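This report refers to the structure that appears directly beneath it.
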Amino acid sequence: GLLLLAAALGGVAATRCPAPCVCDNLRAHVLCLNGSLVAIPDTIPELTKKLDLRGNSFTVIPAGAFHATPFLTHLDLQHCKVERLEEGAFRGLGRLVYLNLASNSIALLYQESLDGLSSLQQLILEGNRIEEIQPGAFGHLGSLTVLDLRANALVYLPDLVFQGLQVLRWLRLSHNALHVLGSEAFAALPALRRLSLDHNELQALPGEALARLDGATRLDLGHNPITYVAEEALAMASLRHLFLDHASLQDVAPDAFARSPQLRMLDLRENQLQGLPPLAGAGGLARVSLDGNPLLCSCLLRPFHNWLARARVQAEGACAPPPALRGRPLDSLKPPEMRCSRHRPPLSPTMPSEQPRAAGSRRCPRGCICSPDFHHGSCENRDLQEIPRDFPGDTRLLDLRQNTFRTVPPDAFPGLKELVSLHLQSCGIRELQPGALRGLESLVYLYLTDNHLSTLAAAAFEGAPQLAYLDLDHNAFTRMPMGAFQLLPNLISLHLQHNAIGELAEGDLAGARGLRWLYLAGNAIRHIAPAALAPTKMLEKLQLEGNRLVEVPTAALQGLPALSELKLSQNPIKRMGDSVFLPLASSLQHLYLDNMGLEQISPRAFAGLGPKIRSLYLESNKMSNIPNMSNFTGLEILNLQDVPFHCDCQLLPLHRWINTLNLRVGATCGSPAEARGLKVKLSTTFQTCAGWGRSEAGETNPEKTMAASKPSKKKRSGKSSARGFSKSRA
């Protein structure tokens with residue numbers, strides 16, 4: 001027995017724990033939080049079951065990255081700046097049940113990106129910039145029950161995109177930009193019970209795609225610009241809860257839900273409905289919510305009101321006109337009160353008829369692969385020198401990567417009216433000739449990464465008006481292709497990262513009025529003209545990291561009322577003056593100021609910012625103090641690592657404020673000598689300061705120094721409005 005005990009103790013002692021990680025051998029749990037890791041450590045104990053790598057900087061997860069830890073069951077990679085998952089990145093993790101990749105920069109999921117995760121039950125991909133999912137990407141995840149794709153950049157879901165997810169129960173697609181769904185997009189999801197499609201760009205109820213979900217009981221479609229629900233639009237046999245709130249509904253057909261016989265609750269809040277007809281066929285309906293609609297309580301509403309009484313349906317809502325009934329709840333009205341008036345409800349908007357889909361022949365160019373099930377054509381890495389033709393007319397994804405085309409001539413893709421996604425990465429392309437994309441009237445995604453393009457003419461995009469995602473990363477642009485986007489009214493996302501662009505001039509983005517995400521990292525931008533971003537009134541994300549800006553481009557940020565994320569990391573900005581972010585005071589939520597060599601921040605640099613700020617990155621800079629941020633009460637992430645704070649009495653307010661937060665901020669003392677390396681939160685150097693131990697109410701004026709905010713009742717009860725460092729949103 002003693003020999004066995006000694007052997008066990010020796011095994012634990014010999015277990016390696018890579019710096020700067022913490023290893024709990026009893027629970028087989030390793031934490032490497034918020035460090036400077038740029039590669040997955042290969043010295044993590046082999047028997048580790050839970051590995052937490054949040055807040056590091058991996059960029060790429062290479063093939064076989066976790067081969068040394070085959071017993072992992074939980075892996076957390078949130079906030080790790082991951083841009084790419086190589087094929088086979090997780091191969092060998094057959095025991096993994098939980099994988100969190102939230103809040104990274106992943107743009108594309110390939111077919112083998114998630115290979116090897118046969119036991120995975122929860123996959124969190126929220127808050128990335130995934131624009132496209134290739135069919136088959138989830139084909140190896142046969143045990144998955146929850147898939148979270150919220151807050152990405154999806155516009156289109158192809159047919160069978162979720163094939164292989166036989167036991168998936170909840171699919172979360174909220175907060176994307178979806179407006180095109182393949183009719184078979186949700187096929188092969190027999191166990192799905194809940195589908196979240198709220199906060200997208202759907203203009204009509206996608207009835208054909210939803211009809212494949214026989215077992216779904218809850219459907220969230222709120223916050224979509226849907227104006228009308230047509231006859232028998234929804235055929236979901238098991239649906240019980242339907243949310244269509246905060247849409248643009250003006251009318252609902254009487255038998256809209258007749259083919260969803262189990263429907264119990266219908267949420268129609270905050271629409272533009274003046275009334276509803278009796279809902280024929282919805283015999284099981286128990287509650288209809290109509291709060292926030294301009295209900296016209298005239299005689300025209302009597303049939304609906306009578307139906308509510310007969311069917312014993314509870315209705316929530318109140319009258320708008322006529323003035324005599326304004327504010328009266330529906331359930332308090334008597335039929336004689338609903339008198340006839342001259343008002344008439346608007347006619348039902350006519351729904352556009354669906355275009356019949358061409359069956360498409362099964363021809364395919366020599367040397368290429370054409371999949372009739374996925375409508376997918378591929379000639380990847382075939383050493384082609386000319387773009388092949390004669391693909392099936394119903395092709396929707398065409399992959400021509402890693403060939404040698406040099407140029408894309410006019411009318412290069414004839415007969416491909418249904419093509420949605422076109423991949424031309426790494427093809428040596430130097431020119432897109434006028435009319436190159438002519439006829440691609442359904443094209444949404446165009447990938448031209450890793451080519452040799454230095455100019456672009458607007459005429460190159462003639463005939464592709466639906467283009468929403470344009471990726472021009474890693475080309476040879478030395479300036480923005482001025483006027484090139486005039487023919488792209490639906491452009492949402494523009495990638496021009498890792499080129500050699502030196503400035504943004506006025507007129508560069510003319511025509512890009514719908515642009516939401518602009519990626520310009522890794523260029524050589526020194527100057528942004530005050531009116532350069534003026535056309536992009538809807539811009540939400542602006543990524544400028546890794547350029548040569550020496551000051552915050554405050555003037556250029558005027559007139560961007562929707563901008564919520566600004567990245568200025570790795571620019572040589574040494575000093576930050578007063579009110580530099582004031583133009584974004586009403587919208588900014590995520591601010592990246594890390595790795596800049598920042599030496600001084602004005603006390604009023606953050607003037608106007610406050611509770612809206614959710615994440616602030618200031619790590620790896622050179623300042624010794626920071627301004628008052630006591631009103632940043634909505635913080636979820638605050639990173640102050642590798643900042644040489646001078647822990648004297650001037651920093652006491654920061655010490656106090658940090659202690660009120662339920663955040664892991666990483667702030668350490670750089671001086672004086674006796675405090676060097678200590679956490680600001682725990683340093684004892686402040687105990688000699690005048691006012692040490694005073695109550696929160698008696699602290700220094702917050703206008704002059706960083707004052708601690710008075711804890712709220714939630715904080716006193718052990719909770720906080722600021723959640724833990726790098727915790728993903730609920």
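Quick reminder: no glycine exception, Cβ is built from N, Cα and C everywhere.
The compositional bias 'Basic and acidic residues' feature in TrEMBL is assigned to 328-340. Residues or ranges marked as compositional bias 'Low complexity' by TrEMBL: 719-730. The domain 'LRRNT' feature in TrEMBL is assigned to 16-50, 363-397. The annotation domain 'LRRCT' is assigned in TrEMBL to 293-341, 644-690. What TrEMBL records for 326-359, 692-730 is region 'Disordered'.
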Intrachain residues whose Cβ lies under 8 Å of the compositional bias 'Basic and acidic residues' (328-340), provided they are six or more past its termini: 290, 295, 297-302, 305-306, 308, 314-319, 322
Model confidence over the domain 'LRRNT' (363-397) (mean pLDDT, whole number): 87
Summary of DSSP states over the domain 'LRRCT' (293-341), given as helix, strand and coil counts: 22 helix, 7 strand, 20 coil
